[in-house]
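Pulled from TrEMBL, these are the features on record:
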DOMAIN    93-280  domain 'ABC transmembrane type-1'
TRANSMEM  29-50  transmembrane segment
TRANSMEM  97-117  transmembrane segment
TRANSMEM  138-164  transmembrane segment
TRANSMEM  207-228  transmembrane segment
TRANSMEM  235-256  transmembrane segment
TRANSMEM  262-283  transmembrane segment
Amino acid sequence: MTDSPIYIDKKSELNNLPRRYKKISITRYFIYLALIVMVIWSFQGSQFSLEGLLDSTQYFKRFLGEAFPSIGILGENEHSITWKDTFRYTRELIETFQMAFTGTLLGIIFGFILALLSSKGLLGNSRPMRLVQEIVKALILLFRTVPDLVWAIIFVMLVGLGAFAGTLTIMVDTIGFCGRFFAEEMEDVDKSPADALESCGATKLDATFAAVVPAAMPGLITTSLFAFEKAIRGSVVLGLVGAGGIGMSLNALFNWMAYDRAMVIIGMIFALIFVVEQISQYLRKKVTQNEEKRI
């Protein structure tokens, strides 16, 4: 018996092999082309220029030469920063922290209330309740999309210059931030325990606070800590439009080209943000560890 020759269809074998590269469709070609055009168009509109960046090095060197402060203890002169200045900046830094903490706390409280009202099914599915949900979602969207500086300008016009305007700005921004993420955290929670409580006669509100909120609490705490970090950074910028805090002094010093004094404030701001972020990171880690142990 002789072995019959085996004929291999090379074309069919090649078709059966896994393709390393897939053929790009015409649609993808147009998408890639549109992205390239958008990148070029954006760079042109932003006036980004490497030549301009290189030309600015001489001004940057001048800035660095004037930006390193000296702390004078025995007396004042136009080139030194006295302890009196340092204490004044410290008071303003404390005011900045107070603005951020108060605004964040109020924003968390009101954001939680709005999150309850905007979450699907937590407080009922009736037609009036669905209408309330849509209205509250639109309100949260408004708080979240309007920039901080715009809110700050509005509140400065309403209540005047100072920390109160900054506190209100941070509160509104935190409501938008926490309202959205609080609602998502509570919507993602397993609703089986809440449904079981309702079947035993509990109201929607009772079931929400007894089952949904405790299950979502780790996420709510983490979001609140992120909101506080965000508020600390944002509160510095608010001073540029007169909404209180150390940003007002920083803006004035840059206008006067007193870069040495401005660098002292920048260093103090960096220290505050660094400490707050380290504490927040530690607390978030503890919350995560406790949640893993509970599971």
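Just so it is clear, glycine is given a Cβ too, placed from its N, Cα and C backbone atoms.
Since the structure is predicted, the reported quantities are computational estimates derived from the model, not experimental observations.
Relative to the transmembrane segment (207-228), the listed stretch 97-117 leads the set 29-50, 97-117, 235-256, 262-283 in CB pairs under 8 A. Sequence-distant contacts of the transmembrane segment (97-117), counting only residues of its own chain at least 6 positions beyond either end whose CB sits under 8 Å from a CB of the stretch, comprise 123, 132-133, 136, 139-140, 163, 166-180, 182-183, 186, 208, 220, 224, 227-228, 231-232, 234-235, 238, 244-245, 272.
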